[in-house]
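Q: Starting off with a structure, shown below.
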């Protein structure tokens, strides 16, 4: 695997349905830290400077894109929003359009009615309470419509370089397959990961895990033949 986005050219075997959950008892914290360290060092070698794949030119635009990305792909959000962002897009822009006009512009994005309502409301709040600026604290971010724990962590890590580890479906899946947690929900997963991932790798670890899950360790047909972690991954079938 020459990079996280472009696996090497080894022939890909026919996909076989497998159970990728680690077998046996959960690892100790020490073992999890060891696996996390080895994993991150290898992913860092493949992509030393991982980037957020959502297009944005301003802090507000990233906030909106993360809100819009819930239960849809970054590619879809970029396809819809990049032309809009390039023309200029601020909280004042949203309020001047109105909720219905915003909905028409983002209708092809999943859950568009709810997301349009949230983006319109959070734009008003930013104007009224934050001088049109994106807040820098978790509490203030989570008080915004459509912004939960994951979105707040993404914003704090990407924009303000806080040592966060936002857990989305990719992060949750690949870290479970690696044996770094056995939790039933994203919040508990985040708590466990913060105990085993060295803070010096945050917030970049969030991007490394996402890219691994998006391009190699996929949900249905993980491309294990292209993965550089098979010797340390407890889910890899021997």
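A Cβ is built for glycine as well, from the same backbone N, Cα and C atoms used for every other residue.
Feature list, courtesy of TrEMBL:
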type: REGION; residues: 1-28; note: region 'Disordered'
type: DOMAIN; residues: 68-215; note: domain 'HhH-GPD'
type: BINDING; residues: 217, 224, 227, 233; note: [4Fe-4S] cluster binding site
Q: Determine the Cβ neighbour count for residue 227 ([4Fe-4S] cluster binding site): the number of other Cβ atoms within 10 Å of its Cβ.
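A: Excluding its own Cβ, the number within 10 Å is 18.
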Q: What is the average pLDDT across the domain 'HhH-GPD' (68-215)?
A: 98
Q: Cβ within 8 angstroms of the Cβ centroid of 217, 224, 227, 233: which residues besides those meet this for the [4Fe-4S] cluster site?
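A: Checked against the 8 Å cutoff, the neighbours are 177, 216, 222, 223, 229, 230, 235, 236.
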Q: Counting across all protein chains shown, how many other Cβ atoms sit within 10 Å of the Cβ of residue 224 ([4Fe-4S] cluster binding site)?
A: 20
Q: Where DSSP helix means H, G or I and strand means E or B, what are the helix, strand and coil counts for the domain 'HhH-GPD' (68-215)?
A: 100 helix, 0 strand, 48 coil
Q: Within 10 Å of each Cβ, count the other Cβ atoms and name the one among the binding-site residues 217, 233 with the highest count.
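A: In terms of Cβ crowding, the pick is 217.
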Q: I want to verify one value. Collapsing DSSP to three states, which class is residue 233 ([4Fe-4S] cluster binding site)?
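A: DSSP call for residue 233 ([4Fe-4S] cluster binding site): coil, neither helix nor strand.
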Q: Based on DSSP, name the secondary structure state of residue 227 ([4Fe-4S] cluster binding site): helix, strand or coil.
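A: SS state of residue 227 ([4Fe-4S] cluster binding site) = coil.
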